[in-house]
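Enquirer: Residues annotated as transmembrane segment in TrEMBL: A:12-34, A:46-68, A:109-135, A:170-191, A:203-223, A:319-343, A:355-375, A:387-405, A:412-444, A:464-488. Marked as domain 'DUF112' by TrEMBL: A:18-439.
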Amino acid sequence: MFDFMIHGFDVALTPLNLGLALCGAILGTFFGALPGIGPINGIAILMPLAYTLGLPAESALILLAGIYTGAEYGGRMSSILLNVPGDAGAVMTTLDGHPLAKKGLAGPALGLSAVASFVGATIAIIGLTLFAPLLARVAVMFGPAEFFALMIFAFASMSVMMGSDPLKTGIAAVLGVMIAMIGVDSSTGVLRYTFDMPELYDGIDFVVLIIGLFAVSEILLMLEQAARDGVTDMPAVGRVFVKFKEVIACRGAILRSGFMGFVIGTLPGTGASVASAVAYTTEKRINDREGTFGEGDMRGLAAPEAANNASAVGSFVPLLTLGIPGSGTTAVLLGALMLYNITPGPMMFSERPEVAGGLIASLYIGNVVLLLLNLPLAGLFAKVLTIPRWVLVPFVALLAFVGVYQLHSDPIAIYTMLAVGVFGYVLRKFGFSLAPVILGYVLGGLAEVNLRRALAISGGSPDVLWASGISIGLYIAAVALLVAPWLIGRLRPRKYAD
Amino acid sequence: MQEPARRGAARWWRVASIALVAIALIGCQKQVAGDHPECIAPAKPGGGYDLTCRLLANGLQKTGLMTTPMIVSYMPGGIGAVAYNHVNATRDHDGDLVVAASTGAAVNLALGKFGSYDADAVRWLGAFAADYGVLVVAADSPYKTLSDLVAALKKDPGSVVAGAGGSIGSQDWMKIALVAKRAAGVAPKDLRFVSYEGGGEAMGSLLGHHIDVFTGDASEMAGHIGSGKIRVLAILADQRLGGVYSDIPTAKEQGYDIEWPTWRGFYMGPNVTDANYETWVARLKKLAATDQFKTMRTKQGLFPEARFGADFDDYVVNQAHEFEALARQVGLK
């Protein structure tokens, strides 16, 4: 049964393919690390190159898959070092990653997140090898109604992030949902909040939103600070490497998040951002007894990193088994396969075993390469913080500007990004945190689209929403998430008198 | 202790950033000067428009019809609306710029979704490939033929849930709307239609039995035909397609006059000189006739199409008018 894997390693271990896996991993790490350039752009840029070089299909795919998984590794760097997510899956990484860097623990944070990414991806690759056909069947059982229930569950799990100021978190999430409503309504084609500007027809792009909210507002905060009391630099980088003990302390978070990230990744339409959000909030609920999450808790860093890598691998499940892309990036990969006259789907494992097996084998190899690459690099990258922030942040912003412009070929995208940045700055000045805005945007958009689809299927009857066992289970889990802390608080005898 | 090192690093970074800005500016300059031909894919990377541009760029390079490599850039927004406005407003006379388009652009022009500009606002260059609409059901669906589907729609238009990558009013919706209107004689607005984020998601929903009919394109079906999980009820072409598609009957064969070809081609800015326009028309014509290009086109799952120059321009403008009438007919306008 696993003949294709043996064959796959044969393919993946040829010098050319090993080299390409390495090359993809390195390039991917950089694409991920640069804000504004994510795996999608990276693959889109290199796809024609791979084709023009005349690489065989499996080699091209190995290179592109290396970029994809590498980007999920790289995305964490600017999250941790600069509080600017490198890509969509790395938004939650800022929450505990950057505070760690502020404590002078950038090196260990980078090292730990590399290990977490490795373990998360490994769990997912093993899952992909063993259970892909089975999971593909489960994934198609998720229809619009089930996705809507999943989004409700995700919103409920967000409630843990409310923390000290539930009202502000709620408002921030609602703002995110409102931003998600801008643009062409996907069901009927009606224009919403576009003010007759074609540039707004597709809504506010995710990359533009992230870069604006995080990077531009960061620069504005820095400017303000510099004008007031001069530029303050980050604390000196202390210890460079992560201790084994620290990794072990996060084992639960990493394993759980890796598993969850993989399962969420296999569902078409939910990506690394949803996976890392659910993983982070779950860990916060399980582990955050001392209220250290959000202030630089290692587990809060490990969870989203394990989850986003696992989800990237998970999104290969529907691509390889059903020919359905599980994420935006795998949609581009599907296009790459088409260039080679390979249509992924149920027949790929039997008809082109060297492609399917080679790809999966290269994921194993690429993952090890990425760990070996990222552990020593952690120290090097942590040194980035020794560069004065007045150089570093504008430099990153410059790259972001170029990235956003390249994505849209239109200065409007840059103006939008600046406007969003000012908006983010105002929010931060008023003490709102930005992650709930992003989550509201992602989850709200998905919830709306799937609710509309479910109602379109049923002809308007809401019964469809609780017609399946999956949906009901998710609603029960959502209610349990909301009620449990309160219930446990009531039932458990108080140990400490307040 | 760290001071001198830091100052050194700061100087190095300052030089590096200035150098990078300079490079970036030079890069922009180059793009403005336009010494490279450019193809705008009015979408995000990876979609059909991207593919259309790449087919042109790779084709021209491989056949040696053009020595300078063509740049493919992306301008997503409103399924082409942003690019259409951009070309009309700012790059109206750029003789080195072509923009990918498809039947979808004509539909949106007909529906007034491209802002204040009409179908005759640009110079339509030509189409070099086509795709055809398909009606697909799951293998265990009760609908064995197109007639079964038509009968079900006739009985109760709300009993069939169709879905695809487009919204209501899009090309994908038009396919099932035509079946409803012309074959079953029911009002398209009574249909149930679910729009997804692309054909792949809709296909997944079909396999999961969340929708009954998927109204996609033939090229999307190549990997699924023969999987035993789906059945293509009809292909909306004037005659059967070759290769893996040869067993699929057309709607016409089954007695319904419904066709939905989707051309893939290009337009240029409204104020491009005739000389530039004619150069591109000739280039495109030559390319479409080469065997190399034909192989590339087949590899992408696309089918032959050849309409160029003034011919094509008339064709698109007429098509937009037809769609406008159709939109009125099916109750969209």
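Note that Cβ sites are derived from N, Cα and C of the backbone, with glycine treated the same way.
I'm curious about the neighbourhood of these features; can you describe it?
Expert: Beyond the transmembrane segment (A:109-135), the same-chain residues lying 6 or more positions past its ends with a Cβ under 8 Å from any Cβ of the stretch are 2, 5, 69, 72-73, 76-77, 80, 93, 97, 100-101, 240-242, 246-247, 250, 253-255, 257-259, 261-263, 265-266, 298, 301-303, 305-314, 316-317, 320-321, 360, 363-364, 367-368, 370-371, 374-375, 377-379, 381-382.
Sequence-remote contacts of a segment are chain residues at least 6 beyond its ends whose Cβ falls under 8 Å from one of its Cβ atoms, and for the transmembrane segment (A:170-191) they are 155, 158, 162, 200-204, 209, 427, 432-434, 436-445, 448-449, 452-453, 456.
Beyond the transmembrane segment (A:203-223), the same-chain residues lying 6 or more positions past its ends with a Cβ under 8 Å from any Cβ of the stretch are 35-36, 38, 82-85, 88, 91, 94, 179-184, 231, 389-390, 393-394, 396-397, 400, 403-404, 407-408, 413, 416-425, 427-428, 434, 437-438, 441-442.
Same-chain residues lying 6 or more positions outside the transmembrane segment (A:319-343) and placing a CB less than 8 Å from one of its CB atoms are 38-40, 43-44, 47, 50-51, 57, 60-61, 64-65, 68, 128, 132-133, 135-136, 139-140, 265-269, 271-272, 311-312, 349, 352, 355-356, 359-360.
Same-chain residues lying 6+ beyond the ends of the transmembrane segment (A:387-405) with a Cβ under 8 Å from its Cβ atoms: 34-37, 41, 78, 82, 84, 207-208, 211, 215-216, 218-219, 222, 226, 231-234, 411, 413-414, 417.
Within its own chain, the transmembrane segment (A:412-444) is flanked in space by residues 91-92, 94-95, 151, 154-155, 158, 161, 165, 168-177, 179-181, 197, 199, 204-206, 208-217, 219-221, 273-274, 277, 400-401, 404-405, which lie at least six positions past its ends and keep a Cβ under 8 Å from the stretch.
Beyond the transmembrane segment (A:464-488), the same-chain residues lying 6 or more positions past its ends with a Cβ under 8 Å from any Cβ of the stretch are 141-143, 145-146, 148-150, 152-153, 155-157, 159-160, 285, 451, 454-455, 457-458.
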Enquirer: Going along the chain, which residues at least six beyond the ends of the transmembrane segment (A:46-68) come within the CB cut-off of under 8 Å?
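Expert: Contacts of the transmembrane segment (A:46-68) (Cβ under 8 Å, skipping residues fewer than 6 from its ends): 11-12, 16-17, 20-25, 27-28, 31, 39, 312, 316, 329-330, 332-333, 335-337, 339-340, 342, 352, 354-355, 358-359, 362-363, 366, 369.
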